[in-house]
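Database features (TrEMBL):
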type: TRANSMEM; residues: 24-45; note: transmembrane segment
type: DOMAIN; residues: 39-285; note: domain 'G-protein coupled receptors family 1 profile'
type: TRANSMEM; residues: 57-76; note: transmembrane segment
type: TRANSMEM; residues: 96-118; note: transmembrane segment
type: TRANSMEM; residues: 138-156; note: transmembrane segment
type: TRANSMEM; residues: 191-222; note: transmembrane segment
type: TRANSMEM; residues: 234-256; note: transmembrane segment
type: TRANSMEM; residues: 268-287; note: transmembrane segment
Amino acid sequence: MATANNVTEIIFLGLSQNQHVQKVIFVMFLLMYTAIVLGNGLIVVTIVASKGLSSPMYFFLGYLSFVEVCYCSVTAPKLIFDSLLKKKAISLQGCITQIFFLHFFGGTEIFLLTVMAYDRYVAICKPLHYVTIMNRRVCGLLVGAAWSGGLLHSAGQTFLIFQLPFCGPNIINHYFCDVHPVLKLACSDTFLISLLVIINGGSISVISFAVLLASYVVILNSLRSHTAEGRHRALSTCASHLAVVGLFFIPCSFVYMRPCITFPVDKVVAVFYTVVTPLLNPIIYSFRNTEVKNAMRRLVGRKVTWEEK
């Protein structure tokens, strides 16, 4: 690769090249990124510090919130910083590194959402065996499998990009490096590589979505035998999960489950799964949850009491 490459850096066109719009982008995304880190960070701290939030659902939610912060941090800080610059550039090595971590955390999030759907299936359809099935060891193995799946997916995507020669041009109409825009810069035939990229990303999306769909079909079918109060509680929990799944899967599917072609709207769609979903996750999952809100109040109360002492 080193002998074949004339390109040493990649230039981003960003979300806009208008200086006034870029100032708005700087303020808007700085506020959103701060809210993402604080909101999801608060969830992680609350779950770790609260003994009452020890169920598998909150165990998985804590990891999901942590992954959301990491996922957003791959692209948002660079976007915020670049909005202050005329030339938005990244080294070729930095570009490939960004692709690796983008798909690592993105793949891990997909697998975590699938694991959380399985958790809801066991909790609602097999409540008497829930504690036995979803014990601490099993939960740890499922989280480990999610991280491992994200790593394998990312390593595959990065390897496919890493072996390509880049000899110009070096400008992409995006605000971060991703497989489809970067593939367009390669100065060799990328048909086979593009096909493998689609198979790698598409298969994960299709299989995960199929598992999610099957889980909720079974859950909805089993709710017929529940009481009205039980149905309401189950549907409330499932609705939160489905909202996050929809916000993440729909834009991701639009970008990755198609031939390796790019559209100008791709960078706007990318904002939804890299920034908007992590921003809404604390609101959808936790701030509507009474147990989490009470745990947060107790956590803040303990901090205030400690400071007064």
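The backbone N, Cα and C atoms fix where each Cβ goes, and this holds for glycine too.
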Annotated stretches the transmembrane segment (268-287) and the transmembrane segment (57-76) touching (3 or more Cβ pairs under 8 Å):
yes
Go through the chain and flag residues at least 6 beyond the ends of the transmembrane segment (57-76) whose CB is under 8 A from any CB in it; none is fine as an answer.
29, 32-33, 36-37, 40-41, 43-44, 47-48, 98, 101-102, 105-106, 108-109, 112-113, 115-116, 119-120, 123, 139, 142-143, 146, 175-176, 237, 270, 274-275, 277-278, 281-282, 285-286, 292
